[in-house]
Amino acid sequence: MKQYLDLEKYVLENGTQKGDRTGTGTISTFGYQMRFDLQEGFPIMTTKRVPFKLVVSELLWFLHGDTNIRYLLQHNNNIWNEWAFERFVKSDDYKGEDMTDFGLRAERDSAFKEVYQAEMEKFKARILEDEAFANKYGELGNIYGKQWREWKTSQGETIDQLADLIEMIKTNPNSRRLIVSAWNPEDIPNMALPPCHSLFQFYVADGKLSCQLYQRSADIFLGVPFNIASYALLTHLIAREVGLEVGEFIHTMGDAHLYNNHIEQVKEQLSRTPHKLPKLVLSDKPATIFDFDVADISLDGYNPDPAIKAPISV
C-alpha cells in the first residue's frame, strides 16, 4: 500500500533520532495520518506477507474481553508472548537462567539466544498444559479486551463499551460519541504494556461506516501493518452487524517510529512494488460480532511478497 510505504519513507527522511523505553533507539516523527478507502480492497501489506490469521485471532481475543495469552497460543499466535514471559522471569517462581534484557541480548548473543528460546518454549508449553500457571503468568493485566468489554467504573460497575457502541450506531448513527477507549489511567500501572492503539471512533455517512484510530505509539515496521488490518477488519465486522457498507479507515499516529534495528528491513520493503489488495470474506454463520471464530474470516486474492523478519523490542 502506497500510504504505508510513504510513511516509512517520510520517517526515514524526516524523522528524529530518539532514545526509547526498550533501549533499542528509534527514528521518530510526531503526528502522522493515513487514509484507506475500504471499498478499494482490504488494506493489508502486499510488499511483505502479514500473517492474517494472527490478526484475526488477536482481534477475536480482544472482542472476547480476554487478556490471557493462552487463547492466542491455542491458535498458534505468539505476538504477545514476550510481555507475559517478561512478567514470569521477573517473578520469584522463575528458577532458570538470568533473562535480564532478553530481547536485546538474544539479538546480540547467539549463545544466549538459544538459552532464551529454550526457556520461552518451556514457558509456552506450560501455559498450554497448566491452567493454574496460565491463570497466573499468562495474564497481561487489564489491557485492550478488558477495557473494551468490561471497563470498571468508580462505583464498581462495568461498561461494555463495544456492545454500547454497536447499539448506538444502530439507534443514533449521527452521534459524535461513537468512541471506545482502551486508555484507562488507573489500570496503566498493572498492564504488561499500556495500550498503543488507545482510542477509536466511528462515523456514519451516506450509508457507510468509517473508523478513525488514534495510536499513541506506532511501531511502523512490525506493529502498524497489524493495526491497519485489525481495525479495518473491526470496521467490516461492525458494518456487517449494523447493516452498513464500509467507508474509510483513518489511522492517526502520535509517536510514529522506526526502530534502529529495523532500518535495513524497511529499505528492503521500500524496494518492492505494491500488488493488488485482496478482498475480505466473512462467513454468514455468526449472528453477532462476538460469535465469530477464526475459520469464519479469510482473504481472497492475497498474494504478497515474502515476509521480512525483524526483532521485537520489549
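From the backbone N, Cα and C atoms, a Cβ is placed for every residue, glycine too.
Feature list (source: Swiss-Prot):
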type     : residues                                                                              : note
BINDING  : Arg21, Arg176, Arg177, Arg216, Ser217, Ala218, Asp219, Asn227, His257, Leu258, Tyr259 : dUMP binding site
ACT_SITE : Cys196                                                                                : active site, nucleophile
BINDING  : Asp219, Ser313                                                                        : (6R)-5,10-methylene-5,6,7,8-tetrahydrofolate binding site
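Swiss-Prot feature annotations superimposed on the structure.
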residue : record                                                    : Cβ neighbours (10 Å)
Arg21   : dUMP binding site                                         : 8
Arg177  : dUMP binding site                                         : 10
Cys196  : active site, nucleophile                                  : 18
Ser217  : dUMP binding site                                         : 19
Asp219  : dUMP binding site                                         : 23
His257  : dUMP binding site                                         : 27
Tyr259  : dUMP binding site                                         : 23
Ser313  : (6R)-5,10-methylene-5,6,7,8-tetrahydrofolate binding site : 21
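Between the two most distant C-alpha atoms of the annotated dUMP binders (Arg21, Arg176, Arg177, Arg216, Ser217, Ala218, Asp219, Asn227, His257, Leu258, Tyr259) there are 36 Å. Distance noted between the C-alpha atoms of Asp219 (dUMP binding site) and the residue listed as 'active site, nucleophile' is 9 Å. Cys196 (active site, nucleophile) and Arg177 (dUMP binding site) are 21 Å apart (CA-CA, integer value).
Residue pair Ser313 ((6R)-5,10-methylene-5,6,7,8-tetrahydrofolate binding site) / Tyr259 (dUMP binding site) shows a Cα separation of 8 Å. In this structure the C-alpha atoms belonging to Tyr259 (dUMP binding site) and the residue listed as 'active site, nucleophile' are separated by 15 Å. With respect to their backbone Cα atoms, His257 (dUMP binding site) and Cys196 (active site, nucleophile) stand 12 Å from each other. If you take the Cα of Ser217 (dUMP binding site) and the Cα of the residue listed as 'active site, nucleophile', they are about 5 angstrom apart, rounded to a whole number.
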